[in-house]
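Shown next, in structure tokens, is the structure this report addresses.
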Amino acid sequence: MIPVPVGAVAELDVVVTPEMTVRFDELGPVHPVYATYSMAKHFEEAGRKLLLRHLQPGEAGIGRSVSVEHLGPSWVGDAIRVTARCVAVRGNRLTCECSAVDADGRELGRGTTVQAVLPQEVLEARIGEGARERVRRAGPGDARRRTD
């Protein structure tokens, strides 16, 4: 991985769509506002956007964790800017602080993402064709090491 400077930023602009509102598979529609899980997805996407600029040929990134604190609502049609800022690089891990802000400057949410960088062939061996059966054969407790 090309070194990612602390403070490096990536931004993602989104407009809330009906698909981004709170809707559960079993329960159906719940609230007509931007869902926390949509915010989490956008935090991951912004962090990945930052990471992609620093990957070298043959490297791949994979998400390790995401946390979200949803601070306020936004509705269908609202414009949101998601920002991911590098706060740490330790070994093969990139940690970003993320925020979501609406067009009026209201902070809608904040959180963190962590991504791991691995050789592409290692990642493919862990999640590509045939990996599911290898993980199942390995049994409980072994799967965690699959993305270290």
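Just so you know, glycine gets a Cβ as well, placed from its N, Cα and C.
Per TrEMBL, domain 'Fluoroacetyl-CoA-specific thioesterase-like' is recorded for 16-121.
On the 0 to 100 pLDDT scale, the domain 'Fluoroacetyl-CoA-specific thioesterase-like' (16-121) averages 98 in the predicted structure. Residues of the domain 'Fluoroacetyl-CoA-specific thioesterase-like' (16-121) grouped by DSSP class, helix first, strand second and coil last, total 22 helix, 59 strand, 25 coil.
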